[in-house]
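Enquirer: Pulled from Swiss-Prot, these are the listed features:
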type	residues	note
ACT_SITE	His19	active site, proton acceptor
BINDING	Tyr14, Tyr64, Asn66, Asn112	tRNA binding site
SITE	Asn9	site 'Discriminates between blocked and unblocked aminoacyl-tRNA'
SITE	Asp91	site 'Stabilizes the basic form of H active site to accept a proton'
Amino acid sequence: MYLVVGLGNIGKEYKKTRHNIGFDVVDIIAEKYNIEINRQKFKGSYGEGRIGNEKIILLKPSTYMNLSGESVIEAANFYKIDKENIIVIYDDMSIDIGKLRVRGKGSAGGHNGIKNIIQHLNSDIFPRVRVGIGQPDENVVNYVLGKFSKDEREIIEKVLAMSAKACISIVEDGVTEAMNKYNGVKIEV
């Protein structure tokens, strides 16, 4: 069983912002596998389904980004999911737009949502899909809570689809295979 977590902030004003990439990827997976994310529990919205023979729980924490660990630990404990089977999808400023990076473990890298998840799980050993949003020329908060330009949005839509495929690959083939397949790929207009 896998817990697939998309990080983001709740509220219409955050829809389609850089910081909500995780929510967007979870929505793509939900659509592909006909999983309704319409249940409220674990301080978030979630749905249950299958990818092949694997049961998956899709979770969108409603705690705001910096407290995402509260939601993740509640769902993981309830379903008794191993940390190695918790996949977290989130935005990453250290990666260029058009790229993603799959990792099996690692530090928070300055991302407060991941930092909170690491604290609550008491471990940094869980797979993640880091989606590049590029470096800001402006205030970081304004940047991550801002929307993509039209040109960026064209690239991001393709990256979101690729990120969903990377998550599915982790479930079906394992982290190493997903890393080999998706790390280093760059999508351009």
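Cβ from N, Cα, C; glycine included.
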Enquirer: When the Cα of Tyr64 (tRNA binding site) is compared with the Cα of each of the recorded positions Asn9, His19, Asp91, which one is closest?
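Expert: Its closest listed neighbour, by Cα, is Asn9.
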Enquirer: Starting from the Cβ centroid of Tyr14, Tyr64, Asn66, Asn112, the recorded tRNA site, name every other residue in that chain with its Cβ within 8 Å, sequence order please.
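Expert: After dropping the recorded site residues, what remains is Asn9, His19, Thr63, Met65, Leu67, Ser68, Gly113.
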Enquirer: Here the recorded positions are Tyr14, His19, Asn112; which one has the lowest number of other Cβ atoms no more than 10 Å from its Cβ?
Expert: Asn112
Enquirer: From the Cα of His19 (active site, proton acceptor) across to the Cα of Asn9 (site 'Discriminates between blocked and unblocked aminoacyl-tRNA'), what is the distance in angstrom?
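Expert: Here the two Cα atoms are 7 Å apart.
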Enquirer: How far apart, in Å, are the two Cα atoms that lie farthest from each other among Tyr14, Tyr64, Asn66, Asn112, the residues recorded as binding tRNA?
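Expert: Taking every pair of listed residues, the largest Cα separation comes to 17 Å.
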Enquirer: Ten-angstrom check, please: count other Cβ atoms within 10 Å of the Cβ of Asp91 (site 'Stabilizes the basic form of H active site to accept a proton'), all chains counted.
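Expert: Summing over all protein chains shown, Asp91 (site 'Stabilizes the basic form of H active site to accept a proton') has 23 other Cβ atoms within 10 Å.
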Enquirer: When the Cα-Cα distance from the residue listed as 'active site, proton acceptor' is computed for each of the recorded positions Asn66, Asp91, Asn112, which gives the smallest value?
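Expert: The answer is Asp91.
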Enquirer: Tell me the Cβ neighbour count for Tyr64 (tRNA binding site), meaning other Cβ atoms within 10 Å of its Cβ, over all protein chains shown.
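Expert: For Tyr64 (tRNA binding site), the count of other Cβ atoms within 10 Å is 18.
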Enquirer: Taking only the Cα atoms, work out how far Tyr14 (tRNA binding site) lies from Asp91 (site 'Stabilizes the basic form of H active site to accept a proton'), in Å, as a whole number.
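Expert: Spelling it out, the Cα of Tyr14 (tRNA binding site) and the Cα of Asp91 (site 'Stabilizes the basic form of H active site to accept a proton') are 13 Å apart.
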Enquirer: If one looks at the chain holding Asn66 (tRNA binding site), which residues at least 6 apart in sequence have a CB under 8 angstroms from its CB?
Expert: Asn112, Gly113, Asn116
